[in-house]
């Protein structure tokens, strides 16, 4: 009997795109070829234009599980979330907008809880839609939250539009930014490309490019982010957005950056490492009855280490021992002395 390969959450790849209608069999077939080529695991689709309950289904043998939020009366709006056959998603709760503007799913994958949200913002009053949708999502969420979709607005016009401006009032954009920040949601693409300018949507009417499609994730899970890329426009004026959810590859500077600047606000790893070594050094000499480390120092260090800590810079740099633990601590102390401008006074 052939062995079944266990599912690993690190294999997930998310794919989001405004498909501008999927009522024709040709467009549906083309979509599935793109999904298979991209090796997508979880798919977020906006503007499917599927009507009510009699709409064609998007599932096939490669993507056997699908969830929908369709407009009941007309072929407009509409969002969907599809799962590849390799993803054992078990849904526990769903919330679908009756007008086809958002779809929330909550469930488990290999005993890990996830919340998936697909959003499609209107062309007007986008900030009102986001306020209402995010309020519902905040009550609905559980576990790792991933939200994707076409918001129909650039959150940072200077960097997210080719013209460097937006017709949407600044206070509306800032209101949406505050909502996302309050929920702890991070723009995946911007996290990997903090200063870059790349675009997903082309407006033929206005003649400019913009980035109005996003994938957000909860910042406490930012260590799972490996890459976020914008694809090529194909049969649509929107390019797909692909995010690979793999082992931690986030830059340390991003992890230590304040939350107000898009980071996770973690403490400095370097400072923590140095503090640990200095604490150990102090502990070695704090209790005169504890002689084991002092004995090792006398045997393997040149002279008395407590006295050497205050030597001049040139003399201190020449201190070397064969004991890697003692040597590491001495090197840390040297860096702390230099960076902290410590003196013998």
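Placed from the backbone N, Cα and C atoms, the Cβ positions cover glycine too.
Taken from TrEMBL, the feature domain 'Endonuclease/exonuclease/phosphatase' covers 18-238.
Summarising the annotation, TrEMBL assigns Mg(2+) binding site to 18, 47, 150, 152, 237, 238. In this structure, residue 18 (Mg(2+) binding site) is part of a beta strand by DSSP. Summarising the environment of residue 18 (Mg(2+) binding site), the number of other Cβ atoms within 10 Å of its Cβ, over all protein chains shown, is 25.
Residues within less than 8 Å, Cβ to Cβ, of residue 120 (active site) and separated from it by at least 6 positions along the same chain comprise 18, 46, 47, 77, 78, 79, 100, 101, 102, 149, 150, 152. Under the heading active site, TrEMBL lists 120.
There are 26 other Cβ atoms within 10 Å of the Cβ belonging to residue 150 (Mg(2+) binding site). DSSP assigns residue 150 (Mg(2+) binding site) to a strand in the three-state reduction. The annotation active site, proton donor/acceptor is assigned in TrEMBL to 150.
Take the CB of residue 152 (Mg(2+) binding site) and look out to 10 A: across all protein chains shown you find 21 other CB atoms. Residues or ranges marked as site 'Transition state stabilizer' by TrEMBL: 152.
Just so you know, the Cβ of residue 213 (site 'Important for catalytic activity') picks up 26 other Cβ atoms within 10 Å once every protein chain is counted. Per TrEMBL, site 'Important for catalytic activity' is recorded for 213.
Taken from TrEMBL, the feature active site, proton acceptor covers 238.
According to TrEMBL, the site 'Interaction with DNA substrate' annotation covers 238.
There are 21 other CB atoms within 10 A of the CB of residue 47 (Mg(2+) binding site), with all protein chains counted.
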